[in-house]
Structures are given as structure tokens and as C-alpha cells.
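Let me begin by presenting the structure, written as C-alpha cells, before commenting on it.
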Amino acid sequence: MNSLSRVFGKLTLLMHWIGGVFLIGMMFSTLLDVITRGLFSLTDGAVDWTFIGGVELVKYFLLFTVLFILPHSVSRSQVIVDLFTDHFSERKKQLFEAFYMLCFAFLGGAMSYSFYHLIDEAAMSYETTQDLLIPMTYFYGVATFATAMLFLSALLNAFSLVFTKKKGDDA
Amino acid sequence: ADYTLRFAHFFPAVAGQQKDIFDKWAEAIETQSNGRIEVEMYPSSTLAKPPALYDAAKHRIADVVVTVQGYTANRFPLTQIVELPGVVQSAAQGSCVLQSIYDEGFLDKEYRDTKPLFLFTHGPGGIHTVDKEINSPEDLEGLRIRRPTAVVAKILEGLGAQPVGMPAPDSYQSAQRGVIDGVSLPWEGQYTFRLNELTPHHTEVGGLYTLSFVATMNKSFYNKLPADLKKVIDDNSGMDWAKIAAASFDRLDAEGRKQALEMGHKINVIEGGAENPRWKPVLYQATEDYLAELEKKRLPAHKVYARAMELSQTTCK
Amino acid sequence: MSTTAIGLTCIAVMLVMIAFRAPIALSMAAMGFIGFGSIVAFEPAISILGSGPFETLSNYSFSPIPMFILMGVFASKAGMSQELFTGARTLFGSWRGGMGLAAVTSCGIFSAISGSSMATAASMSRVALPEMEKNGYAPTLATGTLAAGGTLGIMIPPSIALLLYALITEQSVGDMFIAGVIPGILGLVLYGLTVAVLVILYPNIAQPGEATTLKQKLVGLKGLIPFTGVFVFIIGGIYSGWFTPTEAAAVGAAATWIIAQVRGMNFEQFLEAIQETLVMSAMIFFMIIGAEIFGYFLSVSRISFTLVEWVDALQLSPYMVLFCILILFVLLGCVMDSIAMLLLTVPVVYPLVEAAGFDPIWFGIIAVITVELGLITPPVGMNVFVIKSVAPHISIGAMYKGVLPFVISDVVRLGLIILFPALAVGLL
Ligand code: NA
Ligand code: NA
């Protein structure tokens with residue numbers, strides 16, 4: 001169980017860093033858009049390196065960035081109100097957290113299920129993005145994968161919270 | 001009420017379309033069903049974002065939605081033939097063409113996921129710019145123009161402009177900051193999105209383009225209704241309602257145009273519209289490209305286009 | 001159970017979950033899902049779990065959030081934030097509230113241009129919070145100024161909230177923006193006064209700096225140059241049309257990245273910056289997704305309609321109607337995101353406001369201030385949550401306590417604008 005979740009942890013960490021690459025991609029695609037547009041108007045249209053779809057690139061970079069960081073972050077990057085439960089024992093807090101991780105696993109699973117159906121539906125309807133005309137089915141495919149990883153990550157976390165007495169450090 | 005019908009769209013609640021079309025339809029359904037169907041309105045995308053509206057009807061997040069087919073690119077390629085240059089001179093004409101083509105069965109495949117109630121178009125789209133007056137396609141060279149859909153983007157590209165995709169409510173701020181030089185919108189859109197405040201130059205190219213809309217219902221919602229209530233829905237579908245919707249758009253177009261004139265703006269009317277010799281070649285090319293692309297996918301594009309033109313010049317004129 | 005009863009139950013359960021250590025994002029998403037499922041059906045609710053997050057995450061207007069966070073992180077890696085606050089400290093010398101004032105002002109300006117309260121709270125608190133804590137500011141005051149400061153930009157144009165209000169109610173966007181100028185600045189001034197009053201009443205919440213001479217102050221101004229430079233660059237770029245407010249975030253991130261590289265940031269620090277940005281973005285977007293799903297549930301619960309119907313049925317005098325509407329906004333603001341709230345409530349209350357004979361533009365300003373309050377009021381105050389993601393060591397309780405004086409300051413501002421409508425519509 002422990003080695004499984006360690007290997008899995010490495011996998012979600014890898015996804016996390018791929019999310020980082022998308023983040024940088026988001027910055028560069030905006031810059032490219034701004035700079036080519038600037039050059040175009042500075043040179044009165046002589047230097048036309050402008051391209052169509054800048055907004056779309058940013059949109060989908062954002063989507064991928066967040067989708068890829070969700071599995072690694074589900075147990076780490078959460079905002080919790082600690083006002084009323086300070087007096088709880090560590091074990092009790094751990095069990096609560098395990099329950100909430102199970103809920104996340106359920107939601108992640110349901111999301112993945114929902115996206116999985118959209119893959120086929122989008123393939124049948126030939127829907128594409130507006131500017132770059134990329135088939136939507138790819139996006140749903142990626143979303144299905146990322147949310148399935150969210151499901152597994154939350155589930156494994158719930159288990160390790162229940163079965164290890166001390167909070168496991170699997171970063 | 002025995003049935004609650006959730007009606008979702010993206011127009012603001014105070015928009016003319018709400019009063020003229022959607023409220024009227026809801027009222028008709030409620031009275032004719034003797035209150036057994038209750039209609040709940042969800043304006044301003046409070047139940048689904050514009051690109052997700054059609055699927056919201058498919059998955060019963062809403063029971064009826066009104067949406068723009070072009071918001072989901074390439075999903076309604078034959079429908080969007082109506083949007084091509086030269087087909088539509090007014091919302092009444094466009095709605096009649098679109099509803100007729102649908103009634104004649106040309107578009108059945110595109111709507112097999114839901115049960116369409118009625119289809120319509122807005123009036124002719126124009127070009128509205130911040131600084132530059134547009135008289136011929138050359139004037140558009142390099143201008144950044146906000147476009148509604150991929151099909152309109154192709155037309156604008158053909159004219160030499162740079163189509164920019166952005167959500168309609170963003171166009172106000174973008175035009176104000178000079179990020180875009182203008183927008184392609186019908187007068188009704190100029191009015192709804194307050195763009196007359198920012199774009200003093202208007203160019204009307206009769207029949208430049210239009211946008212198609214559909215009011216459509218979730219299939220299982222319809223199938224579960226008893227026969228007499230099904231009839232109420234059927235009685236409030238089709239051409240009659242396409243015409244009511246069109247009348248609203250034509251009225252709002254007139255209002256938007258009036259507003260611009262009252263603000264002292266100049267409206268540049270291109271003689272002959274899309275048939276004008278300086279505009280026709282590029283517009284013709286954009287049309288041909290679009291149709292050829294569809295034919296490549298083995299869609300009967302030329303057939304539908306020919307029928308649309310025929311309707312537009314005869315029955316729907 | 002009636003739709004309203006389901007609605008209220010799900011809100012209550014969500015609050016209980018939050019009180020019992022459930023992640024905020026989970027509480028909203030889970031109760032949104034269950035609520036939507038119970039009112040409509042569970043198959044569409046599962047669809048919403050797919051389409052809701054997909055539409056939210058591919059929403060262009062959210063793209064500035066990670067970019068502005070990245071900018072804040074690079075700024076602190078480049079040492080720019082320390083400089084900024086050392087500069088402010090020398091400038092304000094021995095005056096206690098100096099840094100608080102500097103924080104409120106920079107948050108106000110930042111959110112005014114970025115147009116995003118959450119992005120402001122995220123990046124400014126990353127920059128300012130460690131410095132304020134280092135300089136002996138109480139966590140309450142430090143987080144309070146940062147959370148509240150970020151709300152100011154909602155009113156100061158360009159403003160998405162005012163734009164939406166204008167579109168919903170068919171007012172001129174230009175007029176709406178002009179009407180927002182004085183109330184926006186008034187908000188900033190009142191927040192500044194709040195800081196001043198707080199440090200007078202509770203001297204120990206802020207340590208004074210050392211007294212400085214005029215010459216030292218002038219030299220100290222140098223520290224303000226790099227960060228102010230980036231600020232001016234961004235504002236200038238936006239107003240001259242080189243890039244949109246949305247794009248400004250990426251441009252600002254790139255600019256601070258370059259400065260950080262020039263100042264010798266190594267690859268390891270670069271990776272740290274990316275990592276920090278990803279962690280904060282994950283926290284914020286988890287909550288945004290949760291709020292989105294919860295928002296769809298609130299829509300179908302029709303709670304805002306039901307409440308407005310109640311108010312309408314009471315047949316009150318115009319000012320009582322206004323009072324009830326504002327109370328309603330404050331209550332909804334406790335559990336709702338601001339933009340969703342405008343979209344859901346304005347169309348339903350607007351007829352009441354018109355019938356009561358109020359100026360629609362004036363009401364818009366009042367509505368937006370009230371909606372803005374919701375970002376910092378407990379239990380669900382998105383700005384406070386965002387700051388919690390930067391400073392996990394400070395308790396939410398302390399943060400809400402720190403925000404309270406600013407909530408009072410906003411209520412004062414509301415009162416002033418209600419008493420003197422010219423503050424809003426005088427420039428028109
Ligand atoms: Na602003
Ligand atoms: Na709140």
C-alpha cells in the first residue's frame with residue numbers, strides 16, 4: 001500500500017510540474033500576442049507576425065495548468081477553517097480529513113465519469129475550438145485523465161490517513 | 001404545477017428579447033397548459049455558460065435553452081450556412097430561411113440530441129469601428145475586430161481584418177482601451193452591449209453576415225409529458241415563434257440604429273450591400289471556402305446553400 | 001421538501017462542514033452537487049461536475065489570477081517587496097500606521113488595475129504579509145488591511161462589476177464608471193483612516209519605525225522605484241492600449257521575472273517560484289470550482305427570488321425597501337461569490353428599486369459596495385480565504401477579526417453615499 005502510494009505520489013508530482021510548464025506557456029503565449037500586435041502597429045502593418053487564437057491558447061493553458069496540479073494538491077493545498085476544532089486530537093483531525101478526502105475522491109470520480117462521456121459526445125458532434133479548430137474531444141480526454149488521477153490521489157490519501165497513525169509525508 | 005420547466009439563456013434579464021420572446025413563450029405555455037407547466041427563467045447564463053448551453057439542454061441541466069449554434073464551433077456546420085454573406089437582409093428573412101430549412105429536414109442530424117422548438121437569426125451584422133471609417137474592404141486591412149463565431153471570423157479574415165475572439169461583454173472595455181479597433185455586431189448588439197457609446201463609425205453592408213439561434217428542449221423532458229401537454233409544446237414551436245423572435249430582433253435593430261443616429265453618428269451604407277462590386281469578390285470567396293470545406297467532410301453544403309438562397313429570394317423575401 | 005427548504009438546508013450543512021475542518025472548496029462543491037441533485041436530478045448534477053469546472057477553468061477572465069500570483073512571487077524573489085516596504089518604512093518614519101497605509105493603498109491600486117480582488121489578495125499578500133509580520137504588525141491588522149484593500153478595485157474603474165450592472169440594467173457603462181470614481185476613492189480614504197484610527201486605539205498592533213530625516217526619506221524613496229516602475233509600466237500599457245488588463249498580468253509577471261533574473265535569481269529559486277505559484281493557484285482554483293458548482297445550486301434553489309418576493313410582499317416605504325435589499329445582499333454575500341450574486345440578484349431587485357423611484361446609477365454604486373463586502377464577510381469570504389492560503393499559520397478567526405474594522409468603514413461609506421447621493425452621481 002505504502003509503496004503504491006509513493007509511486008503514485010511521484011506520478012502526481014510529475015503532473016504537477018507539467019502544470020508548471022503550462023503556467024509558463026500561458027505567460028509566453030500572452031507575451032507573444034502582445035509583442036506581435038505591438039510590432040504590427042509600430043510598423044504600420046509592415047511587420048505582421050500576428051496570429052489568430054492568442055486568447056484561446058491562454059484559456060486552454062489555464063485549463064491544463066489547473067487540471068494537472070489538482071491531483072497533487074488535493075491533500076495539500078486546501079483552505080480550512082480552524083476556528084472551532086482546535087481542541088480536537090490529532091487522530092480525530094486525521095480521521096475527519098480522511099473522510100473529506102473520500103468525498104473529494106467521489107467528486108473527482110464523478111467528474112471523470114462526466115468527462116469520459118463528453119469524449120464520445122464531442123467526437124460525434126465534431127465540435128472544435130473557435131479559433132484554432134482543435135477538436136474538443138482531446139480536451140475532454142485530458143480532463144478525464146486528470147480528474148481520474150484526482151480520484152485516485154484523494155482515495156489513496158484517505159487510506160493512508162486512516163491506516164497510518166502519523167500523518168504520512170509523501171511529498 | 002405538475003411540471004417545472006427551467007428555461008436558460010445568456011441574454012440579460014432586462015433585454016428586449018426577454019420581454020418580447022421568452023416571457024411571451026413562457027406565458028403561452030403556462031396558460032395553454034392551464035398552469036400545469038410552470039416556466040422558471042434563468043437569464044444571464046446563471047444555469048450554464050454560453051458555450052455550455054446547448055449541452056445543458058442535452059443533459060437536462062436546463063429543460064429549454066436558447067443559444068447561438070456558433071458558440072460550439074463546427075457542431076452545426078449546415079445551420080451556419082445561413083450566416084454566410086448574401087443570405088440574410090433582416091431577422092425576419094433570416095429566421096424564415098433557417099426555420100424552413102430545418103422544417104424541410106436538412107438539419108435533422110445536427111439536432112438529434114435535443115428537441116428544437118424554433119430557430120431564428122438576428123438581423124444583418126454590421127461593422128462598427130472606434131476611429132476608422134470603413135468604406136471598402138481595404139479600409140479593414142489590419143484592423144482588430146471582435147467577432148462572434150468562427151464563421152464570421154472567416155468572413156472578416158477574407159476582408160483583411162484580424163478577427164479577435166473574446167466574450168461579448170469584454171468588447172466594451174477592449175474597445176475603450178484600444179485593444180480592438182471595432183466589433184462586428186447587429187444594431188441590436190450595439191444597443192445591448194452599449195457599444196454605440198464607443199464606436200461612432202458604422203458600416204452597413206446589407207447581408208454581410210448573421211448569427212443563428214435555437215430554442216431547444218431536452219428530449220426526455222418532452223417525452224415524459226402526457227400527450228395533451230406535448231401538444232401545448234408542439235403548438236408553441238416552429239415558424240410562428242421563429243417569426244415572433246425575428247420581430248423582436250428587427251425592432252431592437254431599429255432601436256439600436258436610432259440610438260446611433262441620435263448620438264450624431266455617421267452610418268455608412270454600402271450601396272448594393274454584399275453585392276457591391278468592391279465587396280462581392282472577397283465575400284464570395286469566403287462563402288466558397290466555407291462550402292468547400294463542408295463538402296470535403298461529405299456534407300451537402302452546396303445543396304443547403306442553394307436552398308437557403310432560393311428561400312431568401314422567394315418565400316422568405 | 002420545498003426547493004427553498006432544500007436550499008437553506010444545503011447552505012446550513014455547508015457551514016457546518018466548514019466549521020468541522022472540511023476544505024472550503026469541498027464544502028461548496030459537495031453541497032452544491034447534492035443540492036442541485038436534490039432539486040433537479042442527480043444525472044444533470046453529475047454533468048455539472050464536468051461542464052462547470054471545464055467552463056470555469058477555460059474562462060479567459062480567470063487567467064490573470066495565476067499570472068499575478070507569479071508576478072508577486074517573482075517580485076519577492078527579486079527582493080523588490082522588501083525594498084518596497086523598507087522604502088515605505090523610511091518614508092513614514094516613526095508613524096505607526098505607515099506600512100498599513102502603504103499596504104491598503106497598493107492593494108487598492110493593484111486591484112483597480114487588475115480588476116480581480118482575488119488576484120490582488122493573492123499577489124499583494126505574498127509581497128506584503130511577510131514584511132508586515134517581520135516589522136511587528138499584528139496578524140489581525142496585517143491580514144485585515146490586505147484582505148480589505150483588495151476589494152477596493154471592484155469600484156474603481158475599469159470594473160467588471162460596474163460593467164455587468166450597467167449591462168443588466170441598461171445603463172450607460174461610461175456613466176457607471178464615472179459614478180464609481182468618487183466612491184472608489186472614498187473607500188480608499190476611509191480604509192486609510194481606519195488604519196490610522198486603529199493604531200491610535202491599539203498602539204501595540206503596529207510597531208513604529210525609527211524616526212527618519214527628510215534626507216533619509218528622499219533616499220528611501222529609491223526603494224520604491226523598482227516595484228512602482230512595474231506598476232507604472234502595467235498601468236501605462238493598459239491605458240495606452242498596448243495590452244488589456246487581462247494580459248497585463250502576464251506582462252507584469254514577465255517583467256518581474258526579468259528583474260529577478262538580472263538580480264541573480266538562480267534556477268533553484270526559479271523552480272521555487274513556480275512551485276509557490278502552483279500551490280497558491282491550486283488552492284484558489286479549488287475554491288473557484290467549488291463556488292461555481294455551489295453557484296449553480298443557488299440558482300436552481302431560487303433563494304434570491306423567494307427572498308425578494310418576501311420583501312416585495314411587505315409593501316414598505318422606499319427607504320425600507322432599500323434597507324431590506326441591502327440586508328439581503330449582505331446575507332447572500334456571506335455565502336456567495338460577488339459576480340454570481342450580481343447576476344442572480346440585480347435582475348430581481350431592480351424592478352423594486354425602480355418602483356421605489358431611486359436613481360439606477362446611484363443604486364448600482366450602492367449595490368456594488370454591498371456585494372464587495374461579501375468578499376470579506378464571514379463565513380465565506382473569498383479574499384480572506386485567499387490570504388489564508390498564503391499564511392496558513394494565521395487563524396481564520398484572527399483574519400475575520402482583522403477585517404471587521406474595514407467592514408465598519410464600508411458601512412460608513414454606504415451611509416455617506418445614501419445620505420449624499422451626489423458622491424456617486426455628482427460627476428455625471
Ligand atoms: Na477596477
Ligand atoms: Na462573505
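Here the Cβ of each residue, glycine as well, is placed from N, Cα and C on the backbone.
Any TrEMBL annotation is an automated prediction that lacks curation.
Feature transmembrane segment, per TrEMBL, maps to range C:31-50 of the set C:31-50, C:131-150, C:251-270.
Which of C:203-222, C:223-242 counts as transmembrane segment depends on TrEMBL, and there it is C:223-242. If one looks beyond the transmembrane segment (C:406-427) by at least 6 residues along the same chain, the residues whose Cβ comes under 8 Å of a Cβ in the stretch are 144-145, 147-148, 178-183, 186-187, 190-191, 193-194, 322, 326, 359, 361-362, 365-366, 369-370, 372-373, 376-377. Among the recorded stretches C:31-50, C:223-242, C:361-386, the one sharing the largest number of Cβ pairs closer than 8 Å with the transmembrane segment (C:62-80) is C:223-242. The listed stretches are C:31-50, C:100-124, C:319-349; of these, C:100-124 has the most Cβ pairs under 8 Å to the transmembrane segment (C:223-242).
Outside the transmembrane segment (C:361-386) by six or more residues, the chain places 15, 18-19, 24, 28, 117-118, 121-122, 125, 143, 147-148, 150-151, 154-155, 159, 161-162, 165-166, 169, 171, 175-176, 179-180, 183, 187, 283-284, 287, 291, 322, 325-326, 329-330, 332-338, 341-342, 346, 349, 353, 396, 399-400, 403, 406-407, 410, 413-414, 417-418, 421, 424-425, 428 with a CB less than 8 A from a CB of the stretch. Across all of the domain 'TRAP C4-dicarboxylate transport system permease DctM subunit' (C:12-423), the predicted model scores a mean pLDDT of 86.
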